[in-house]
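Enquirer: What TrEMBL records for A:1-28, A:577-607 is region 'Disordered'. TrEMBL lists A:10-26 with the feature compositional bias 'Polar residues'. The substrate binding site annotation in TrEMBL covers A:Asn313, A:Ile314, A:Cys374, A:Ser375, A:Asp376, A:Gly377, A:Trp378, A:Asp379, A:Arg380. As annotated by TrEMBL, active site, phosphocysteine intermediate applies to A:Cys374. Look at TrEMBL and you will find A:578-595 tagged as compositional bias 'Low complexity'.
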Amino acid sequence: MASASIPVYNRSNNPLENSSSQNASRESLKMEPLAVTLLPGEERVIDKDIMYICPFSGPVKGKVFITNYRLYFKSADADPSVTLNVPLGAIGRVEKMGGASSRGENSYGLDITCKDMRNLRFALKQEGHSRRDIFDILFRYAFPLSHGLLLFAYLSQEKYEENGWSVYKPMEEFRRQGLPTDKWRITFINDNYELCDTYPTILVVPFKATEEDLRKVSTFRSRGRIPVLSWIHRENQAVICRCSQPLVGMSGKRNKDDERYLDVIREANGTAKLTIYDARPSVNAVANKATGGGYEGDDTYQNAELVFLDIHNIHVMRESLKKLKDIVYPNVEESHWLSSLESTHWLEHIKLVLSGAIQVADKISGGNSVVVHCSDGWDRTAQLTSLAMLMLDSHYRTLRGFQVLLEKEWISFGHKFASRIGHGDKNHADQDRSPIFVQFIDCVWQMTKQFPTAFEFNERLLMTILDHLFSCRFGTFLYNCESARDTNEVRSKTVSLWSLVNSDSTSYLNPFYTPESSRVLYPVASMRHLELWVTYYIRWNPRIRQQQQSPVEQRYMELLALRDEYLKKLEELQLTDSSPNSSHLSNSSASNAASPTQHINHLHTPF
Amino acid sequence: MEFSEHIKTANVEDVVLRRPFHPPMQGTLCVTGHHLLFSNRDGDSSRLVLLLLRNIDAIEKRPSVSSGTITLKCKDLCVLQLDIPGMEECLNIARSIEYLSSLDIVSDMYPFFYRPLKLSLQDQWGLSSPEQNYAQMEELQDRWRLSHVNKDYSVCPSYPPAVIVPHSIDDETLVKVAKFRQGGRFPVLCYYHRKNGMVIMRSSQPLTGANRKRCREDELLLQAVIDGSGLGYIIDTRSNQQAQQARMTGGGFESKSSYSCWKRLHRQLERGKVLQESLIKLVEACGDHSHSVDRWLSKLENSKWLSHVHTALATAGLLAECVERDGHSVLVHGSEGTDATLLVSSLAQLILDPNTRTLDGFLGLLEREWLLAGHPFQHRCAHSAYSHARLRLEAPVFVLLLDCVWQLARQFPLAMGFSEPLLLRLAREVYASDYGTFLCNSDQERCAAGVKERTHCLFQFLLKPSEREHYSNPLYEPTELAIWPSIQPQSLQLWRGLFLRWTQHAVHLEKAQEELRNLVIECRGAS
């Protein structure tokens, strides 16, 4: 694979790149002339002649197909052809553009805002309410929950060799960490979600704390989210605990049980002073007292020190990403790119999240236990604990381990995916929506950039995760918490994203991965070292496309293949005299990734 | 010259050295004619730190009663600190450094004293000669000839003794053309595009002056370049306005009326002081380690460094596009033709010509287009970004070239046969070196100073088997295609490897690069 040349100077863009480069579509959708391979369970709803107003190459005549899963557009005669392939889940807002009496070319049609950093505009003929049916159908199927319909994940009939729902088994994960110990025990107190309805059923708590203690503490923590163990350092037994804010309120209430409970956490490995990381800016923490929340005061929690990490709330992050979208789509700000980028503050927020996580990881490495919380303990807290764990524990840097990390810290501990993303919900202005998880994945990407050999997975995995964060094709990111997932039988009725990933794991491996078990990764969280994730945020713009890591990976894979071939030959030759020397294979990342590729029977529906 | 008269204090004990990535170290500091030598004996093991004085760009001293601190800011952007006991000693050492780090006489410089065992002065100096270059390009020989009109450097002091010109133009004509071009830099061929026979020429500005003087021979020469193909492009690296203004001081441009077959395109590339100040601002921003919410991106933008990278790549892209896509020959020049001109012509060659993208080919390109073509290295690289000295002729044009090449390599990670460490090494060597390669301002000066007889050649050294591996791209896969860089601001990145070289981040990445190299080598070794 040579580095192909890409034309850039005053040339018309290559519309091939306009087609959605989603992995989701690539593997399941093969384009024959006007034929789309549908997913099992995917059904066609409507198709229509339409004009796609491409922001990069102007209006393109073609046909749009809408299924219960996606919007698909194919140009009629543009050369080269233009295609769009958008899961309906990625659509955030559908609006009518212009009216029956609007003048001007292409002024009548649909305006679609997507959650994945792009907007789509289609124009139709003005005669005969031509857009009414397509608008209604799009509106229904893009927002099924607002119309009493099922999310596509419940309709999908996809079958995979691997079952992604078995990736995360809490007991197994805790055992891997060396739990329980004589200081930490596993409790089933939340088996019926009675202690805390947004927590998982299995929790790890201090050995010394009784079930009664836990119940008492839960009354003093917002939504009952008591401090529980997320991760323990094998050697020094320092722990990361997570929780929500204490219910201190305006009057400065105290709770002896909560104070004692935190002290028990401190004692467990002989930490002199427990560090409590409050992710919020201190002003916000103070302001939260007005609504009954607050933070741990110095005078009440004597053996604890409180550190504010100055990370802003979901509303600030939402606005920041919105600003970023404004400067990258459809047209990229050119003349003052860097200062425009700065004014979105997106990278600054990334920096604060990363440096917060570094502080947590550093404390733990130093042998001190920490407690992390924000207000509810399901947004910033999840970012901090999971990033710190990624720095501390190389297991989470493997393909499987990363899935476990997400399942554990994000999904099971109740990051409100449904509210933050708004799956299937038409209310695009919902103030609960926020790209907290996208921001976290961005932080992970920053780490992979700074440590190119430390992660077993590649950028494609991160992109795939973000694509299916919105797509609603898999059950993985649906609902706000475990109790809701149980009620809705997610595990029995939908497919896990990890089924897709693990059935084709070679595509998601970083060929340069060199396992190093004991290394703690401290990324540099300075603005100088953070980069905008151009390949994600600006991927729709054909002019920005640049040579990515992929040719390098591909080249390296070729070399690996060559080597394997050689080793095989060598083995054959040596069969008679000595056993083959397999030491070369031992640290090859490709060798342990030889999982057979799954073949799915596609339904071919000619449009 | 006797260096010792400038060394009042040659040795100081119990000096503390602080430098990036290392804990403070106590030991003996020693000043020699060309080096600072710091050694520390810790039990049986002794460690030695050697710093070429030429590498020191700025020195700040803070003497106090009984001791003093000297901060050394180096041209490779490293900052070191020495705590010296004794105020007298501190001041003496500072004075020695100040003097010895800015020697003016070429033959006093270290390359004339550097005599490593593994190298011999009898080794070949330089990679290739104009004669050899010409001989290798058989396909152009029917239309182009090698002229020795400049064999004693009398026609153009900054050109090499032999240059390639159209066959039909005789030496007599060249002499006349040289008089019409600033510094005698008449148009010469620097690249021949095999695919379509089009060429890149470079020169300095024509001396048309206020009264629009013409030169028949100059017009004839350019006519001979496009002979038969109809139209040529002139890329002027100044804005139209700057070109117009140049006429007031005797310079000018090729007017439409006199050069009817040539179409002029103006692209303004900054040079000289503007470029140097941009580098200074950039390095200042990079070195500002206040961890408060700094406005890093604004500072980066304000330094304008990346917009210089952008303009250089965009102009080179335009040039390459004229040659490859539109099929026209191009003449590129600005005013003197020794800076932006070389930048654009060499980048265009990297875009078009796969031969320049190998390790040997790239160094060959630098030799042809920068050393022999007369980029005034000594003037441009006298000081780097830290110096407090009044700016004279300094300008980081070569560093800008390396940055642009890095951007290319980043966008086409397989297309280049050489690695980032090579670019970093060159960025360092160009300012302070053991080798004679970047000394002087032209081939003529190098010959006069005996550089080729009395110093070692960096390029020859880098191509030795022992070095080659380190400076090669392990993933290199040659491509015959042109590599068109994306020049969107989002596609251009700060060259952290150079400008943030002395931060922890660079260490991570260097380690990763090393791992990667080992992986590939291991893999190659098996297959």
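Cβ coordinates are placed from backbone N, Cα and C, and glycine is handled just like the others.
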Enquirer: Which one of these binding-site residues, A:Trp378, A:Arg380, has the sparsest Cβ neighbourhood, judged by other Cβ atoms within 10 angstroms?
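Expert: If we count Cβ atoms within 10 Å for the binding-site residues A:Trp378, A:Arg380, the smallest count is at A:Trp378.
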Enquirer: For the recorded substrate site, whose residues are A:Asn313, A:Ile314, A:Cys374, A:Ser375, A:Asp376, A:Gly377, A:Trp378, A:Asp379, A:Arg380, find every other residue on that chain with a C-beta no more than 8 angstroms from the centre of their C-beta atoms, and list them by sequence position.
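Expert: Result: A:Ala279, A:Thr381, A:Ile436.
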Enquirer: So how many other Cβ atoms are close to A:Cys374 (substrate binding site), meaning within 10 Å of its Cβ?
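Expert: Around the Cβ of A:Cys374 (substrate binding site), 29 other Cβ atoms lie within 10 Å.
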Enquirer: Are there residues of the same chain, six or more positions away from A:Asn313 (substrate binding site), whose CB falls under 8 angstroms from its CB, and which are they?
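Expert: In sequence order, A:Arg280, A:Asn284, A:Ser375, A:Asp379, A:Arg380 meet the Cβ cut-off.
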Enquirer: Does DSSP give A:Arg380 (substrate binding site) helix, strand or coil?
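Expert: SS state of A:Arg380 (substrate binding site) = helix.
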Enquirer: CB neighbours of A:Asp376 (substrate binding site) within 10 A?
Expert: 20
Enquirer: Find the longest CA to CA distance in the recorded substrate-binding set A:Asn313, A:Ile314, A:Cys374, A:Ser375, A:Asp376, A:Gly377, A:Trp378, A:Asp379, A:Arg380; express it in Å as a whole number.
Expert: 12
Enquirer: Under DSSP, is A:Asn313 (substrate binding site) helix, strand or coil?
Expert: coil
